[in-house]
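Going by TrEMBL, these are the annotated features:
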DOMAIN    6-125  domain 'MTTase N-terminal'
BINDING   C15, C51, C86  [4Fe-4S] cluster 1 binding site
DOMAIN    148-378  domain 'Radical SAM core'
BINDING   C162, C166, C169  [4Fe-4S] cluster 2 binding site
DOMAIN    381-444  domain 'TRAM'
Amino acid sequence: MKERIPTYEVITFGCQMNDHDSEVMAGMLESLGYEPAASTDEADVILVNTCCVRETAENKIYGLLGRLAHLKGRRKGNLIIGIAGCMTQQPEVARKIKNRFPQVDLILGTHNLHRLPELLLQARECRERVMEVWDQAGEIVENLPIRRASKVKAWVNITYGCNNFCTYCIVPYVRGRERSRRPEDILNEIRRLVQEGYREVTLLGQNVNSYGKDLPGPISFARLLTEVDQIPGLWRIRFTTSHPRDFTPELIDTIARCPHVCEHIHLPVQAGSNRILKLMNRGYDRNYYLNLVERIRRAIPGVAITTDIMVGFPGETEEDFTQTMDLVERVRFDGAFTFVYNPRPGTPAARFPEQVPDEIKSERIQKLIERQNEITLAHNQALVGRVEQVLVEGESKTNPEMMSGRTRTNRLVIFPGSRDLAGQLVNVTVTGARLTHLEGKLAATV
Ligand code: SAH
Ligand code: SF4
Ligand code: F3S
């Protein structure tokens, strides 16, 4: 009788780092002979890649673990549940998961992701619970297998971890100190991707612009971008996230000069009040930020600037919030992710006095979202009638009748077209604008 091929599912929470780590987990599972499961219910291994940046993420994950525990009960134990990612890097959380969810077979962290195959085999063969979380990162492990979600665009890590210690943020505690990958490893990975047919890369790091500070030799993010830009066959280069403090004039020039680097900068501002920015330990003030935006816009015509903004940081007064709204008005961001401050155990701000009451937080976030949505929509509407270059990614996720892709400024565009267009650059005339995307029709192929 033919042996059944074992199947897996990776469920991901959190940011792009986690999306990409999940691609690595999937790659490692496939190298062990696993195949993607048709549904969660059928999978032999389910891995949950977790995020702990806000409590909402953690609560969702506890809910999911409860459901998976139930599923395992129904399957009479014939299922391996693993939990990885940022949440398990907090020792008290890892302990809690271990105690509350005996159905979880495998617990690993962010620093020992590469150990997944060995640990999984151990859990599978020995039928015992395996828990291994390193409290520090080791050497960067290269050449892990990756199963990428897209055939057109790829994530490429350039740095791991973060040294900034913004006072609200848990990331440096769960991802460790900043480490840069060697430029030759990054360039080789991208060259291979191009050979495999990928056309776009997004360089990933918590703070990409501080790339290379820990490496010997004269290397900086600007220099790395220049080299990536010269790789033949690569059409588009993106990067995220940029920290305003480390955005050098050299970097602005480089982005302006490199033809393949897209005109989109995600530049989290977090707050518009100098007092709050200082308490957050962001290392810049509002004037610096406003001036940086102006310099970027002057040097890079048509650039889209998006941001992250938080309301309700401890001590945020009505006046501080007004300063944030005023900054939003002045910059007119092309888009923004908005967050309500959430105290994270172990971070300095969680211990700050004057935590803002929930009602005030929700009033402020509503005001902010409402205004930013108007601005985002106005930016999109201004594009109606224009022709945009779109890299086609495939069928639209929300409407499989349509194709979807992104403009250089990272706007999602949905348009009628043939499936063979996937992976191609096309010109699309924008016919309609929504908050989340543009609608269009094909003009001529580029
Ligand atoms: N490295 C990136 C993003 C890190 S997390 C950066 O520096 O911008 C993504 C976003 O989550 C942050 O930009 C911040 O706006 C938000 N965030 C982080 N910690 C938070 C907390 N404790 N409460 C609410 N939002 C938070
Ligand atoms: Fe967190 Fe600040 Fe680092 Fe971003 S730069 S990951 S917000 S500590
Ligand atoms: Fe979350 Fe970890 Fe990213 S905490 S936001 S998944 S780095």
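Cβ atoms here come from the backbone N, Cα and C positions, even for glycine.
Known features from TrEMBL, placed on the structure.
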residue: C15; record: [4Fe-4S] cluster 1 binding site; Cβ neighbours (10 Å): 17
residue: C51; record: [4Fe-4S] cluster 1 binding site; Cβ neighbours (10 Å): 22
residue: C86; record: [4Fe-4S] cluster 1 binding site; Cβ neighbours (10 Å): 27
residue: C162; record: [4Fe-4S] cluster 2 binding site; Cβ neighbours (10 Å): 22
residue: C166; record: [4Fe-4S] cluster 2 binding site; Cβ neighbours (10 Å): 22
residue: C169; record: [4Fe-4S] cluster 2 binding site; Cβ neighbours (10 Å): 21
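Residue counts for the domain 'TRAM' (381-444) under DSSP, helix first, then strand, then coil, are 4 helix, 34 strand, 26 coil. Looking only at the domain 'Radical SAM core' (148-378), the predicted model's pLDDT averages out at 97. C51 ([4Fe-4S] cluster 1 binding site) has C169 as its nearest neighbour among the binding-site residues C162, C166, C169, going by CA to CA distance. The binding-site residues near ligand 3, defined by a Cβ under 6 Å from one of its atoms, are C15, C51, C86, chosen from C15, C51, C86, C169. A gap of 13 Å separates the Cα atoms of C162 ([4Fe-4S] cluster 2 binding site) and C86 ([4Fe-4S] cluster 1 binding site).
One way to see the shell of the [4Fe-4S] cluster 1 site is to take the Cβ centroid of C15, C51, C86; the remaining same-chain residues with a Cβ within 8 Å of it are F13, G14, M17, N18, T50, C52, V53, A57, G85, V171, V174. It is 12 Å from the Cα atom of C86 ([4Fe-4S] cluster 1 binding site) to that of C169 ([4Fe-4S] cluster 2 binding site). Using DSSP to sort the residues of the domain 'MTTase N-terminal' (6-125) gives these counts of helix, strand and coil: 65 helix, 23 strand, 32 coil. Residue pair C15 ([4Fe-4S] cluster 1 binding site) / C169 ([4Fe-4S] cluster 2 binding site) shows a Cα separation of 14 Å. Closeness to ligand 2 is met by C162, C169, these being the binding-site residues among C15, C51, C86, C162, C169 whose Cβ falls under 6 Å from the molecule.
Checking the binding-site residues C51, C86, C169 against ligand 1, the ones whose Cβ sits under 6 Å from it are C169.
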